[in-house]
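Notes follow once the structure below has been shown.
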Amino acid sequence: MGSTEDTTSTTNSDAYSSPTQPLLSTPGPTYPYPYPDQPAASEPEPTQFLQISYNYGPRPIKDLPFLLLFSLFALSTFAFGIFASVNRNPNSSAVSSFSYDSTTASCVKNTTASFNLRAPTFLPLPNSFALYSSSSSLLKCLIWTLVITLIISVPFAFSVLLLLKHYTKQIVYVSLPFFVIVPIFVNVYWFVACTVSSTCNEKFPLAYRILVLVFVFVIIGVTVWIFVVNWHRIELTVRIIGVASDALSRNLGLFGVLPALTLGLFVYFVPIVVFLVLARLNGKIVAREEDGEYYCVWKQDSWVPAYYALAVITMFWSATAMVEVQAYVISGTIAQWYFSKDGSTLKRSLRSSLRNAFGPSSGTICLSGLLICVVRFVRAAVDNAKEDAPGMVNLILRCCVNALLAAFDFVNKFTINFAAITGEAYCTSAKMTYELLRRNLLSAVFVETVSTRILAGIILVLSAIYAIVVCVILKAASHLGVDSYFVAVMAWVLLIVVLGYFVHVLDNVIDTVYVCYAIDKDKGEVYKQEVHEVYVHLPISRNNRSALVARTPLVV
């Protein structure tokens, strides 16, 4: 492992596991059939001779201007926030105690206070006590259910990981029928429950219930059709998920670092939120005339809206940058495991990835987070514009913009994976990633779509089963009545958030292993044989099939 394949032991899989021409490395033997878009006598690009592998050595700082720009935004947010805290007006909530003074033509504080006394109003004791008892019981049951769910979710996620590692095929094929059974059960159950309940019958007529029932069944039918059409891809997806689960199980330290990073982000947000609350207290009480009468109003300082915009942009940028930090750390850690020799234990891989993420590559991460932030704002603007400008032209423009934004999200994800491996700048990583995937004829869309959907389906099934169990227990052991459905739904939401985060991490592992395999294939090396045995069956990219045909000599 880790050595160049012997050319004398050529097998049928060499067409997949070894490249026709190494990308960004020392050129091997030339071929009589160049790529259609590359002339045979063209000069090689400077980056073509760079070796693609994990960069263990010291890395230079990349994309420094964007790191400085992010630092400027963050420091400005905190600096103006501290100023807003110190400079706030304590009379902001006491406007009613000010009155207009005609002699000074300004608002002055009243020296005498007036009190309006009125008899207190009491609610009937029986009703108020019953309402308090009911709400207290519901709140207590909800808190205990969420706490138990949160405690259970951690070992539950590890159990799912171990099951996916050792019994991937069984888990996937057992879960597939539940993709249909669980929605059918929930759909029929709510319809019958609503029909039996007199209150639901009155508020939800039978015609609407039947319409919703049929609509859900149509969605279930579409889901079944999607599985039938893509059934030939399921087996390969099962093996890809198994490989990724094995890689993640060997780097369990990620489950401690990634939540800590998220917690650190929330701690970072706390003072900014406090500054936003205190910023609105900056202003003064001024006199305003209306219909010849003067009265006192609160006037906010003109710089406060600008500070709100600055703080919101900083928070969004920080959130997207933290998402990219987590993807970077996952990619760097998994890549070090991939390129390590079999039997060797690579120490401090997680620490090295964290050091690179917050050190030399911090500018690259800031740039990636900024681009994602811009994409999110543009997508939100496009979604809001559909209500203001309806029409066919607007629909076409929105479809085109959404397609471009989705393409950027797809390219950006693999760019971060590549930057974590090589330490290159953002633009260089994007270009090198595109060339790496294109010249090795790999189809990343397959890995992106099928594996993500299957994992999401498994999580939905497991969380739905858990919610049903919780609902049954609450029905039997408590007197919440209809409120037990609300508690079960909240438990389902909490569990699906935790397991969804687990799926997000596993998705990043799948993408990283895919990029590492592409690097291996490009160099003609095999670091992880078990990965090559799976990823060698990936379909060839449709965009490059013509290039493959053009390079294949005609045999007569």
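Just so it is clear, glycine is given a Cβ too, placed from its N, Cα and C backbone atoms.
The region 'Disordered' annotation in TrEMBL covers 1-44.
Annotation comment: TrEMBL describes 1-14 as compositional bias 'Low complexity'.
Taken from TrEMBL, the feature compositional bias 'Polar residues' applies to 15-24.
Taken from TrEMBL, the feature transmembrane segment applies to 66-86 (among others).
Counting residues 6+ beyond its ends, the transmembrane segment (142-164) has Cβ neighbours under 8 Å at 171, 241-242, 245, 248-249, 255, 458, 462, 466, 470, 474, 486-487, 490-491, 494-495, 498-499, 502, 506 in the same chain. Annotated transmembrane segment per TrEMBL: 142-164 (among others), in sequence order.
Summarising the annotation, TrEMBL assigns transmembrane segment to 171-190 (among others).
Summarising the annotation, TrEMBL assigns transmembrane segment to 210-231 (among others).
As annotated by TrEMBL, transmembrane segment applies to 252-278 (among others).
Same-chain residues lying 6 or more positions outside the transmembrane segment (307-330) and placing a CB less than 8 Å from one of its CB atoms are 70, 73-74, 76-77, 80-81, 84, 254, 257-258, 261-262, 265, 268-269, 272, 275-276, 279, 350, 353-354, 356-358, 361, 365-366, 368-370, 372-373, 376-377, 413, 416-417, 419-420, 505, 508-509, 512. According to TrEMBL, the feature transmembrane segment maps to 307-330 (among others).
Per TrEMBL, transmembrane segment is recorded for 357-378 (among others).
Listed as Cβ neighbours of the transmembrane segment (454-474) (distance under 8 Å, sequence separation of 6 or more from its ends, same chain) are residues 141, 145, 149, 156, 160, 171-172, 175-176, 178-179, 182, 186, 234, 237, 241, 480, 484-485, 487-489, 491-492, 495-496, 499-500, 502-503, 506-507. Summarising the annotation, TrEMBL assigns transmembrane segment to 454-474 (among others).
Per TrEMBL, transmembrane segment is recorded for 486-506 (among others).
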Maximum Cβ pairs under 8 Å to the transmembrane segment (357-378) - stretch from the list 66-86, 252-278, 486-506: 66-86
With a Cβ cut-off under 8 Å, give me the same-chain residues at least six positions beyond the ends of the transmembrane segment (252-278) that come close to it. 77-78, 80-82, 84-85, 88, 157-158, 308, 311, 314-315, 318-319, 322, 325-326, 329-330, 333, 350, 354, 501, 505
For the transmembrane segment (486-506), distant same-chain residues with Cβ under 8 A (at least six beyond the ends): 138, 141-142, 145-146, 149-150, 152-154, 156-157, 160-161, 164, 241, 244-245, 248, 254-255, 258, 330, 452, 455-456, 459-460, 462-464, 466-468, 470-471, 474, 480
